[in-house]
Every structure is written in C-alpha cells, then in structure tokens.
Amino acid sequence: MDKLIKSIAKSGSFRAYVLDSTETVRTAQEEHQSLSSSTVALGRTLIANQILAANQKGDSKVTVKVIGDSSFGHIISVADTKGNVKGYIQNAGVDVKKTASGEVIVGPFMGNGQFVVITDYGTGNPYTSSTPLVSGEIGEDLAYYLTESEQTPSAVGLNVLLDEKDKVKVAGGFMLQVLPEASEEEITRYEKRIQEMPAISTLLESEDHIEALLKAIYGEEDYKVLVEEDLQFTCDCSRQRFEAALMTLSKSDLKEMKEEDHGAEIVCQFCGKKYQFKESDLEEMINDKA
C-alpha cells in the first residue's frame, strides 16, 4: 500500500513529508483510462492533495482545483485526513510525446490559471484560498501556494514516471518546510541541499525511493520519523448520494426525464462508476415530492 512519512529534523527547524503514491496514481489511470500527459498531470495533483490533507487534523477534507486554460481543462481532487483521495481531469486524452530525457510534458497543457485549495473543517464554512499557476507543473504551483497563501516557505517535488507502455511505473514526491526555529545558517544549508538534489524522477527510480528522498532532504543530519500513514485512491460515491442529487431537481424536470429518457444514468466523475435509475425510481421520487 502507498504511504506518507512525516518527519522532522532533530533540530526542530524543518519538517518533511515523503510519499509513495504509485498505487494511488495507477488506480486513477485505470479508473479514467487516461493517456500519458493527462495521467502525469492528474497524478501530480493527487499527490499534492495528499500532502495538503496530511497537514490537517480531525475529519477535515481538502479539495484541490487546478484550473487551467489549456488542453487539460480543470483537474479536481479531494482528499481526507485518513489517506483517501479521489480525483479526475477534464480531458483524460492528452498524450504528448516525451522530451528527449523521457519526461512527459505537462506545464504548457495546463496553461494559465489558478491553484485553488478548499479546506472543509466540517463546520459548514469551508475556507477557500488560491494563488496563480506559476508553471502548471503542479509541484512548483503547490510550493508557491504554500509559501504565498499559507506563509510557510516550502520546497516541493512531485512526479509520475511511466513505463514503455505509458502505464504508471512509480509516483511520489516530497515537501520540505521551514519551521520558525530555523536559523539563517540552517536555511542556507537546506536551500543548497535542495538545489543540489538529484531530479525527483531520478530519486523515484531508486530501489527504495522513500529512503532516497529522505536521504536527499536531510543528508547526514539527524531526523525523526513522526508518523507513517497509508494512502489510497478511494471514491466515496454512492447510489444514495446521487439519488439525493436527483431529488434536488424540480418535479417537472423529473417528469421530463421519466417521459423522454425513460430513466436516468449518472456517471461519477471521480471514478467512472455508473448508477442507473429506472422509470419506477423516478416515479417514486416524483411521488415523494407531491
């Protein structure tokens, strides 16, 4: 199972999250039948969302909306504090040739737009904040969001590597954050280490990429693992939820659906599961509105 490890430098000056999200992104690709570029863009967004949700407590949920004006359209992801995440990309069919180094192109097909984060604390008043997309590569956009919106200087690396058949080979990433206790000397040292760090794709290719990520972040400095959490792609859609959505329609709309379409089919955007509602189901809803 995928996992996220939270750690902190022994000095208390920095904290880091490292993630193995391979199965999460693999499941998303299978559910949406997404092609190469779309898979990488969606995968990076899911990983970013897993990081943001891991920052929360209780039963909070975090929604990430990467709203671009290019080929991908919008990417929407929702994660909770229990390691569950789901998401979809408007255009799952973007398949652009890789660069000479084998990297899948993402940024230009995200375009200009916003990185939006909605945090629902379960109180009925979700908090929304956003920053402009700085590159469309998702990792850089998350780092900018954390630094500008949450006022926490952060370094982020996210990626999804595909095999020769464009199936998910490995996915994961890291987030490193400066804590108030950090001295200027420590900040300079960590900045240098991050600048000299191997590419995230190289680290993910390592046999034990979780350990490789931790080693790249902390070097020879001591750190403490705080907690290890399981991660998974899970959709919480249900027939009851979509039935409730249908019940928000007017009586005339339900009648029109029953008489013209002889039923209704609703497809969950997050996982592709289909829910069928027969004429008799719609009739029952109409009667309930009487």
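Glycine is no exception: its Cβ is also placed from the backbone N, Cα and C atoms.
Predicted, not measured: the structure shown is a model, and the values here were computed from it.
Over all protein chains present, the Cβ of CYS235 (disulfide bond) has 19 other Cβ atoms lying within 10 Å. In this structure, CYS235 (disulfide bond) belongs to neither helix nor strand by DSSP; it is coil. According to Swiss-Prot, the feature disulfide bond maps to CYS235-CYS237 (among others), an assignment based on sequence analysis.
Here the Cβ of CYS268 (disulfide bond) has 18 other Cβ atoms within 10 Å, regardless of which shown protein chain they belong to. A coil conformation is recorded for CYS268 (disulfide bond) in the three-state DSSP classification, outside any helix or strand. The feature disulfide bond is assigned by Swiss-Prot to CYS268-CYS271 (among others).
Residues near CYS237 (disulfide bond) in space but far in sequence (CB under 8 A, at least 6 apart, same chain), listed by position: CYS268, PHE270, CYS271, LYS273.
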